[in-house]
Amino acid sequence: DSKFKDVGLTQKDLVALSGAHTIGKARCATFSARLMGVQPDSTLQTEYLTSLQKLCSKGFVINNDTLADLDLETPVDFDNHYYANLRSGEGLLKTDQLLYSNGTETTKDWVEFYIQHQPTFFSNFKKSMIKMGNIKPLTGTSGEIRRNCKSINLHSSA
């Protein structure tokens, strides 16, 4: 949330942009920590947790390359059902589920609002995408291009 705020985005923008997860898939490697261990993530609805555990594991080994839909009900439709998934404890990614389960009152309120108001979600998503697209990137020596988008480049001192 603070990284969003640092570039001029609001919690409303955060929740609207997260709605992009109404389409797409994630590899089990990105969310398997929520499924396993002595205490799996308590924000996951029990039946959903069980289905993900079956999907992602071969016995006691995680199959990291298996894909799961980000939106359980309408995985190929750009709609507001993603938000209903969050209310039901069926947010695949922890960061998504936290918008509802452990989010601020504001993020939870926006999730609830988008469940009921798909046209407003579409409108706010469009506005937030434009707003995000207008963020000025770092240039010159102020920034760097990551070799791997998931991690900061390691710099050798030699």
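Placed from the backbone N, Cα and C atoms, the Cβ positions cover glycine too.
Remember, TrEMBL labels are computer predictions, not curated facts.
According to TrEMBL, the protein has these features:
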- 1-153: domain 'Plant heme peroxidase family profile' (DOMAIN)
- HIS21: heme b binding site (BINDING)
- THR22, ASP71, THR74, ASP79: Ca(2+) binding site (BINDING)
- CYS28-CYS56: disulfide bond (DISULFID)
Euclidean distance between Cα atoms of ASP79 (Ca(2+) binding site) and CYS56 (disulfide bond), Å: 26
Ca(2+) site, defined by THR22, ASP71, THR74, ASP79: further same-chain residues with Cβ within 8 Å of the Cβ centre: ILE23, GLU73, PRO75, VAL76, ASP77, PHE78, ASN80, HIS81, TYR82
Among CYS28, ASP71, ASP79, which are recorded as recorded positions, the nearest neighbour of the residue listed as 'heme b binding site' by Cα: ASP71
Residue among the disulfide-bonded residues CYS28, CYS56 whose Cβ has the most other Cβ atoms within 10 Å: CYS56
Which listed residue (THR22, THR74) has most other Cβ within 10 Å, given these are binding-site residues: THR22
Fewest Cβ neighbours within 10 Å, where candidates are the binding-site residues ASP71, ASP79: ASP79
Alpha-carbon distance [CYS28 (disulfide bond); ASP79 (Ca(2+) binding site)] in Å: 23
Residue from THR22, ASP71, THR74 whose C-alpha is spatially nearest that of CYS28 (disulfide bond), among the binding-site residues: ASP71
Confidence summary (mean pLDDT) of the domain 'Plant heme peroxidase family profile' (1-153): 90
